[in-house]
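I have placed the structure first, in the form of structure tokens, so that the comments after it can refer back to it.
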Amino acid sequence: MTGEGWGGAVARAGVCCRSASGARRPLPPQSQAQDPCLPLTFIILAGIEKLIFLYWSGFPFFSPWEDANRSPPVAVKSAMTSCEHPDFLQKDDNMLSSQDDGRSKKKDGQSESPSSSHLAYGILDVPPWYLCILLGIQHFLTALGGLVAVPLILAKDLCLQHDSLTQSYLISTMFFVSGICTLLQVLLGVRLPILQGGTFAFVAPSLAMLSLPAWKCPEWTLNASQVNTSSPEFTEEWQKRIRELQGVIMVASCVQILVGFSGLIGFLMRFIGPLTIAPTISLMALPLFHSAGNDAGTHWGIAAVTIFLIVLFSQYLKNVAVPMPIYGREKKLHTSKFYLFQVFPVLLALCISWLLCFVLTVTNALPAAPTAYGYQARTDTKANVLSQAPWFRFPYPGQWGLPTISPAGVFGITAGVISSIVESIGDYYACARLVGAPPPPKHAINRGIGIEGLGCLLAGAWGSGNGTTSYSQNIAALSITRVGSRMVIVAAGCVLLVMGVFGKIGAAFATIPTPVIGGMFLVMFGIIAAVGISNLQYVDMNSSRNIFVFGFSIFCGLAVPNWVNKNPEMLHTGILQLDQVFLVLLTTDMFVGGFLGFLLDNTIPGSPEERGLLTWSQIHEESEQTMKASEIYSLPCGIGTKFCTSSYTWYLPFWPRPEHHGKGFKTIASTPV
């Protein structure tokens, strides 16, 4: 930690300097010129250069806050007291002030928490707008693999394997809907910095439904030479299938809406402790070693470079300040030190690895044969998507026609909804822990699950072919970047909306080579697994009871789904719909492990202290009785705490409840269930 200390640290973006008159102003990072042949890298870096040009030209970005005479706020009161080097902009002898400039805003009154001591920006902090944009793009890139993978997985069973243009439409629709759902979740839902995107929990029941005899693709659609993608016959073949998916997703999402807004989840949270949460979170990531390894294995060299760069930037170089040239209005050209590697480790690693793949592609160092090892590392493998995608296309509800419904599909997708709910609850706790927020109170969990159900309803209406859920890989990105501000996720939601409307840009992102994404996933999923295990700190791990509950839950959560996936024919009850429900539930690792943890923890005798429930409940009670929890999890604009505070609303399970609680304390974040 630098000599200036936390109380005098610069705003955590490290983006303020003091001019000769004492006025403080932001310092945008300097980009470097890049090869214009790289479409996406050029777009990102050219955008940065444009922001810097506008700033150097004197454009008044921050004029509402430019008041040199006011007293600067305390730089870090956002529960950060012991980070080794969180200040992104280091103090030099003649250029930087040691106080927050007010534009990188910090919320006062946040309670201290060890879990937030490593953060550069807390959940309530607002980084400068350009950092929000760049960090939002980084979150988009982190989620890109899952966002693109779901439509591509469904493409074959939708009879679209030879129609790349329609595949790009589905990808753009997924981007657009994910942006809407992200904004809804951050602003009105659980209010944690969680990105929303397509869920793999819906993929298995969707494929099961599409494999039924009535929905199997005709043989001629599997032959590229016989497919005319512009013919009405072919269009009707794939559209009637996606309309069926739309209908069943919309009906099943109503179950999630009901479960969330009725308060049922909040009621169940009374019985959910660390021994349920730990295996659930860990099993989000552990089973993904197969897919992450397969992606990375398409070219282990490129994947290793990506892993090395992410680890290098986020762990070894996180305290290295990079000198950046800055031109001020009064101080003219000078330099400052920006903690570039700590803020953008994933974005830098992806861009560098992507650039390396591009160089190896144009020099033909990578094989050109599709079946050869290393072919997936080429940057031209998805060039057809980029060339065929339109520049502008606005997705809209019902774009494929009026949805249809079948009972078999509804039962299967409902099982996916249950799995998604279990996953999301684990995500909420993992996210709150990483961003230094108190554990989410019951009303926030109820609201978050309800909003996710609404997001699935919107995804079905828009025709994405899938629902939405919280993205675990982006929660891991919060730990790597040390930026927990929810305004960054708001920016990421806006980026998703833009990518969904501008087809060329979204298609350009979709050309990131597979081994680059695989290398990133290996790092991200490892962090998620560790976050889940860290919940065991609350329980007595010297107890043989607890060791058995956790170990058995984890092992069965891996073993049972693996066996069911290999022997699906063994699950025959004689009722097709029931078979689909069992198949989905028993192939979802986090559901199996989380359910066993829940069952064993609540049935095997053990004291509350031994089970960790005593500490767990104390944390909840303290979190629900602090202004920080009220500020984080309450509805925006004071709804429910300052306005709409009728006593009738107190009985709504998703509504924050105002309550007097001592001097200077006006609201708490608890609510009846």
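Keep in mind that glycine also has a Cβ here, set from the backbone N, Cα and C atoms.
Marked as transmembrane segment by TrEMBL: 37-56 (among others).
Under the heading compositional bias 'Basic and acidic residues', TrEMBL lists 88-110.
Positions annotated as region 'Disordered' by TrEMBL: 88-118.
Residues annotated as transmembrane segment in TrEMBL: 128-155 (among others).
Sequence-distant contacts of the transmembrane segment (167-188) (same chain, six or more residues past either end, CB-CB distance under 8 Å): 143, 147-148, 150-152, 154-155, 160, 194-198, 385, 388-389, 393, 395, 399, 447-448, 451-452, 454-455, 458-459, 462-466, 468, 470, 486, 489-490, 492-501, 503, 506-507, 510, 635-636. Per TrEMBL, transmembrane segment is recorded for 167-188 (among others).
Sequence annotations record features per position, and here TrEMBL assigns transmembrane segment to 248-277 (among others). If you look at the transmembrane segment (248-277), the same-chain residues 6 or more away from its ends with a CB under 8 A from one of its CBs are 202, 209, 403, 405-406, 409-410, 412-414, 416-417, 420-421, 425-426, 429, 442-443, 445-457, 459-461, 466-467, 532, 535-536, 538-539, 546, 549-550, 553, 594, 597-598, 600-602, 611-613, 616, 653-654, 671, 673.
For 297-317 (among others), the entry in TrEMBL reads transmembrane segment.
According to TrEMBL, the feature transmembrane segment maps to 338-362 (among others).
If you look up TrEMBL, you'll see 400-422 (among others) marked as transmembrane segment.
The transmembrane segment annotation in TrEMBL covers 488-510 (among others).
According to TrEMBL, the feature transmembrane segment maps to 516-535 (among others).
Same-chain neighbours of the transmembrane segment (547-564): 275, 278-279, 282-283, 286-287, 536, 541, 570-571, 583, 586-590, 592-594, 596-597, 600-601, 604, counting only residues six or more beyond its ends whose CB sits under 8 Å from a CB of the stretch. For 547-564 (among others), the entry in TrEMBL reads transmembrane segment.
Among the features that TrEMBL reports, transmembrane segment is placed at 580-600 (among others).
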Candidate ranges 128-155, 400-422, 516-535, 580-600 - greatest C-beta contact count to the transmembrane segment (297-317) (under 8 angstroms): 516-535
Leading stretch by Cβ pairs under 8 Å, where the reference is the transmembrane segment (488-510) and the options are 128-155, 400-422, 516-535, 580-600: 128-155
Proximity of the transmembrane segment (580-600) to the transmembrane segment (128-155), 3+ C-beta pairs under 8 angstroms: no
Same-chain residues near the transmembrane segment (516-535), Cβ under 8 Å, at least 6 residues beyond its ends: 142, 144-145, 274, 277-286, 288-289, 291-298, 302-307, 310-311, 346, 349-350, 353-354, 357, 377, 426, 429-430, 433-434, 472-473, 475-477, 479-480
Chain residues outside the transmembrane segment (400-422) and at least six past its termini with a C-beta under 8 angstroms from it: 199, 201-202, 204-206, 208-209, 212, 239-240, 242-253, 255-256, 259, 265, 280, 449, 452-453, 456, 460-461, 463, 467, 469, 576-578, 580-585, 588, 590-591, 594-595
